[in-house]
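To keep things clear, I will list the structure first and then write my remarks on it.
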Amino acid sequence: MLAEALPWLQHFRDKIVVVKYGGNAMVDDSLKAAFAADMVFLRTVGAKPVVVHGGGPQISDMLRRVGLEGEFKGGFRVTTPEVMEIVRMVLFGQVGRDLVGLINSHGPYAVGTSGEDAGLFTAEKRLVDIDGTPTDIGLVGNIVNVDATSLMDLIDAGRIPVVSTIAPGADGQVYNINADTAAGALASAIGAERLLVLTNVEGLYTDWPNKSSLVSKIVASELDAILPGLDAGMIPKMESCLNAVRGGVNAAHVIDGRIAHSVLLELLTMGGIGTMVLPDNYAREDYPEGTVFRKNYQDGHA
């Protein structure tokens, strides 16, 4: 098995891989441990992993505990100043710290950071489309600038950054940022080789829940064309992948985080396990020889 992975191990040496950590992988203890081990494995073989995480389930749980209403509109959490206090506390103080601890059980690799630290992210308020109307749902933001100087110092020192997606605005407010969006923006800004997004499904279904509509490879223009019709929960994930490959990332992957070691299975095996999004002008020689695409988008859409 390891000998078969050699072309991929060589390919990812000294390359940055941004992983958006979410879904079941961040609530199941055995999956959390497997994910942490995957990050250490990548670092040990010479890749440069960077983790970006959300914390939806943990935030909802804490809001319930303190008696606050957790409300979503247009797929985004309504973020009042009171909710923002909880978001900030849970993301950086709980979810991020837990993952840093799991990774560091293997050695002193991980460092927790956030979009607020050393100006990593700058945000502005995001209006959310609800039935065609741009709507203010509180302290929800879009990233308008990435300054990765301090993050690159961590990466170059051999650390694994674990990034919480909260960010200051020029207006002095702190904003809650969708973690899928943040991961894509960061991957482009730091010249990542790959972006991986963990989900609770096998990959991209073009006609959810029709199992035969799962695709292994899709190029940016094909994804752009079908994006508005995708399942609502999948749109921010696929939009992040699309923006990443259009921003210079060689490929973006949506993978099933319910499978232990899904990151390694996707990156270091011939066919991978999820969906790979490629730039329109991708060159076959930029990807390890032996890479197999199980089902192209065109296969079902001649």
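Placement of Cβ uses the backbone N, Cα and C atoms for every residue, glycine included.
When Asn145, Asn176, Asn200, Asn210 are compared with the substrate site residues Gly55, Gly56, Arg77 in Swiss-Prot, the one appearing in that site is Asn176.
For the recorded positions listed here (Lys20, Arg77, Lys237), the lowest count of other CB atoms within 10 A around the CB belongs to Arg77. Each of the binding-site residues Gly55, Gly56 was ranked by the number of other C-beta atoms within 10 Å, and first place falls to Gly55. Secondary structure from DSSP puts Lys237 (site 'Transition state stabilizer') in a helix. Cα to Cα, Lys20 (site 'Transition state stabilizer') and Gly55 (substrate binding site) are separated by 11 Å. Residue density at Asn176 (substrate binding site): 26 other Cβ atoms are found within 10 A of its Cβ, drawing on all protein chains shown. On the backbone, the CA of Lys237 (site 'Transition state stabilizer') and the CA of Gly55 (substrate binding site) stand 15 Å apart.
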